[in-house]
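Lifted from TrEMBL, the feature list:
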DISULFID  29-93  disulfide bond
DISULFID  42-103  disulfide bond
DISULFID  73-83  disulfide bond
DISULFID  211-221  disulfide bond
DISULFID  297-361  disulfide bond
DISULFID  310-371  disulfide bond
DISULFID  341-351  disulfide bond
DISULFID  459-469  disulfide bond
DOMAIN    3-104  domain 'SRCR'
DOMAIN    148-245  domain 'SRCR'
DOMAIN    272-372  domain 'SRCR'
DOMAIN    382-492  domain 'SRCR'
């Protein structure tokens, strides 16, 4: 059995309860529902307990089967299976009676779940059939090509690497911006190249897609949907192809970064930032007002508002709109409440919002975001060796991996290595935050890598890769060249 929270509007610890049984997602009827039922379901969902429950489809009506009815739990059962009920699929309810739960916002230690505020509401609004929404993370780019959320959408013609036979033609570059923003890229251009692939029968699902370019997600664009095996599928067109380019934040050339710094200096101090996130493009949203940084309350926090934040900061659209101080509690004032962006605004300050009074919100309700960012492959250029867990070890970096050559792995000189450098290494590894940056790692002598290939590393802490930090380049200078003086890190998820 698998469980998830669904519906809208809601926070990450509440929603309509959906259960995956017999290869199908379904709901639970609210007849005879009790707080004991909610306790058991919240534990299934990774929370320690329930604080309440909801009846009469408070979080919206579900789709599919109503799997359980007249559920009666004492509250201490290990599984919903151990509770009394009418039997799987035996119900006299309609979806107007779908039950929901409100869980205590405290996770069971070690429970792994992303608790995403889902985008199915966007898909439903766009008229996409619910059978295509295979998971709460449903997205029009069938991530993983055939194994993703949207099995059945044209065979991944929007996916990177799925290249149809003929060149694509399109109206305007703006139409691809929603797709590339979804992929975390800055802007999109339709590729003029002739693309080849194995001959295949293309199975079209969507046509006449028309975006303004500022949508959160392709399903927000207007489009028509092919139903059944339409013989006229894409009769006058060809498979859509998109070619994405990284935005200025991810440009490799220093000229872009220099231009960006000049723009920032001309515009004055930025009025929005992300704090507390372990990775690039995620964090608690903080805004500057009256020369004082403060946070945003999560009431009515949505993917549209989160996407405005992400784009304002130079990322793609938002992947998640996080509530309940999921990226840590801020300090100081709470400047904004009930932010309600349409998604087309250039700045969060252009969205309707309510000024806050301290009684309305507390820092336990600080809003956060996870933005779509381009895949840059930086994690393939660094690894750890010799640690007691995957979160620690001696830092090894790859050099000379261009033009199809095998990378040469080497050590980083520990001289001057500290917490800021460790922060960048942990981020590049995808392992979260830095606990320690170690200048001596003699007890982690576990690999046959002995050559120092990087020295003089000095990071500001925000870089995405150690190669972006200042370092000596090819002219190495390390007083203690023995392997015991190589740099090491201990990373932490929290």
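For all residues, glycine too, the Cβ spot is worked out from N, Cα and C.
Cβ contacts within 10 Å of residue 469 (disulfide bond), excluding its own Cβ and spanning all protein chains shown: 18.
Note: the Cα of residue 459 (disulfide bond) and the Cα of residue 371 (disulfide bond) are spaced 23 Å from each other. Distance from the CA of residue 310 (disulfide bond) to the CA of residue 341 (disulfide bond) is 13 Å. Compared over the disulfide-bonded residues 42, 73, 341, 351, 459, the count of CB atoms lying within 10 A of a residue's CB peaks at 42.
Secondary structure of the domain 'SRCR' (272-372), assigned with DSSP and counted as helix (H, G, I), strand (E, B) and coil, comes to 16 helix, 34 strand, 51 coil. Computed over the domain 'SRCR' (3-104), the whole-number mean pLDDT of the model equals 92.
Checking each of the disulfide-bonded residues 83, 361, 469 against residue 29 (disulfide bond) by C-alpha distance, the shortest gap belongs to 83.
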